Amino acid sequence: MPRDYSLDKVRNIGIMAHIDAGKTTTTERILFYTGKVHKLGEVHEGTATMDWMVQEQERGITITSAATTCYWKGHKINIIDTPGHVDFTVEVERSLRILDGAVAVFSAKEGVEPQSETVWRQADKYHVPRIAYVNKMDIIGADFFNVIKMIKERLGANPVAIQIPIGKEDTFRGIVDLIKMEAIIYEDDLGTVMDETEIPDDLKDLAEEYREKLLEAVSEQDETILEKYLEGEEITEEEIHKALRKGTINGELVPVVCGSSYKNKGIQPMLDAIVRYLPSPLDLPPVKGMALATGEEIERKADDSEPFSALAFKIMADPYVGKLAFFRVYSGTLNAGSYVLNSTKGKKERISRILQMHANHRQEMEAVYTGDIAAAVGLKDTTTGDTLCDENHPILLESMDFPEPVISVAIEPKTKAAQEKMTTALLKLAEEDPTFKTYTDQETGQTIIAGMGELHLEIIVDRLRREFNVDCNVGKPQVAYKETITKPVKIEGKFIRQSGGRGQYGHVWLEMEPAPRGEGYTFENRIVGGVIPKEYIPAVDAGVQEAMQNGVLGGYPVIDVKVALVDGSYHEVDSSDMAFKIAGSIAFKEGMKKANPVLLEPIMKVEVVVPEEYMGDIIGDINARRGRVEGMEARAGAQVIRAFVPLAEMFGYATDLRSKTQGRGTYTMQFHHYEEVPKNIADQILEKK
């Protein structure tokens with residue numbers, strides 16, 4: 001099966017937005033118009049609305065599918081879903097990794113909100129070209145020009161309006177296209193009957209003013225346009241499109257369009273802007289990775305003839321086909337039924353089927369090509385962030401970093417009978433979401449779930465009920481404390497049982513030292529001259545890691561430690577993996593006691609937005625919660641306070657903030673780093689344990 005769309009006609013985009021900007025409606029409308037245009041041949045006037053109802057019913061698919069494919073004017077568009085809530089910034093990061101471009105949706109009333117800033121900065125980090133869509137032009141308080149000002153001031157971007165609205169609030173009825181210099185007026189509620197006419201008289205001056213700004217912006221991108229502009233010559237539509245595309249892809253400007261998704265206005269021109277200005281996989285630099293054999297950096301060009309390489313970016317449990325692994329192909333092609341190497345795990349996997357999701361149906365694919373996004377059935381060991389590649393040309397693409405969970409709760413099913421069902425469901429959910437973990441507390445035997453915030457865990461519990469029919473009781477949220485060491489030690493570990501029969505003999509010397517915060521655990525083998533045979537070394541490492549699950553202070557996991565195996569001895573007959581594993585474990589536990597162990601707690605990056613008159617109270621409150629205020633700034637009539645606060649002090653903050661600001665304050669927080677707990681507080685925590 002040959003490729004159906006050439007690579008320059010493929011767009012992989014995300015729709016980024018704050019929760020209330022209207023992302024879902026916008027996505028649905030895109031799918032509606034693209035689906036309808038794609039099926040023009042068979043849709044008679046009467047069935048269009050019918051089709052729309054089916055889509056409404058199938059809406060579940062469009063919203064939850066990690067990637068949906070649709071078509072517009074000879075282009076193939078893959079839309080990757082990005083959530084808007086701050087507990088899910090990890091989801092946003094992982095979708096931005098595999099996108100080529102994005103549409104940032106803003107509400108015409110609120111404009112740039114704190115969460116839109118977070119997402120925008122993440123997109124900056126991955127250099128994602130984007131266009132802005134100012135939605136909700138029909139609501140009270142809509143102000144297109146104010147949003148442009150906010151994009152410039154708050155996001156430090158260079159917004160260039162390529163349209164201006166005709167009317168606003170309940171009189172919003174169309175747009176002025178500043179490139180063609182004509183008006184598009186919507187005649188019906190479905191937004192399919194459009195009238196292209198002259199610009200209304202009362203908007204001519206404004207249109208001229210914004211056309212000038214547009215021409216200034218594009219002339220900076222292109223010498224020939226600049227000369228024509230200065231000479232006062234006519235600049236063609238084609239030249240404007242070309243310069244806008246160049247500026248968007250190199251991140252120097254952001255084309256801005258407007259509309260009302262709910263009222264079906266402005267969607268088609270936005271789709272035109274997606275295919276005109278956002279990049280295809282060919283417009284971006286080759287993807288970089290590491291050659292497994294040599295450890296050198298290598299790259300893969302976006303080309304079907306290159307060896308196959310792809311990144312799995314989301315795992316979903318599907319009621320019909322089991323586990324779906326969504327992946328993005330960076331190079332080469334892949335046929336259904338073939339084998340790939342999961343180079344992250346070092347395992348060969350067979351892809352039994354390949355599916356592509358459309359608005360209301362899924363399509364079986366015989367093959368996928370460079371730039372495609374699809375879902376694979378049959379991958380058993382693949383998890384989020386893994387590289388899939390051609391086994392004869394292995395490459396390891398840069399994986400995604402996922403933060404450790406910072407909050408945990410005990411959970412139990414309401415009926416004993418549902419225990420097994422709950423355990424299976426939790427493991428499935430943990431497979432989908434790398435920032436969600438589930439384990440059993442060694443001391444109490446309770447099942448513990450851990451995640452990135454209270455909302456994150458609430459949603460997990462809700463999914464248990466909705467998708468797996470398991471009702472659960474949930475304990476009080478607990479902070480995920482960790483332990484570490486603060487000074488280097490050298491320690492001996494012996495496990496020797498030699499009293500008749502088969503004995504046990506394991507003997508190791510370890511050097512332990514603190515690692516920089518956030519580095520995690522490293523194990524180094526410094527054995528020389530075979531004092532411990534090679535085959536027992538991994539067992540020592542495993543023993544150390546097992547001991548790290550429960551620290552010596554309060555049984556919390558141990559992080560940020562460097563361990564080196566430096567010496568030891570073995571016995572020809574009695575030594576075994578088991579003996580060395582136990583010796584490694586004993587040595588680590590003993591060493592940790594001597595290495596000044598300390599307790600660590602998660603520190604959250606908190607952003608509070610409050611009216612000025614409450615600022616003193618709120619800062620006082622943050623200090624009382626052991627917080628450090630990092631900075632403040634004024635933002636649209638309110639003050640933004642940025643601070644680092646221990647998670648332990650943030651429980652119930654939403655309620656406190658509401659009462660302190662009469663419901664006018666809002667806040668967002670996300671995990672930032674781990675830090676040592678002050679001694680007096682650590683003592684209190686460990687006493688309660």
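Quick reminder: no glycine exception, Cβ is built from N, Cα and C everywhere.
Copied from Swiss-Prot, the annotated features are:
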| type | residues | note |
| --- | --- | --- |
| DOMAIN | 8-282 | domain 'tr-type G' |
| BINDING | 17-24, 81-85, 135-138 | GTP binding site |
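Structural mapping of features recorded in Swiss-Prot.
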residue : record           : CB count, 10 Å
A17     : GTP binding site : 27
K23     : GTP binding site : 24
M137    : GTP binding site : 29
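Taken together, the residues of the domain 'tr-type G' (8-282) have an average pLDDT of 78.
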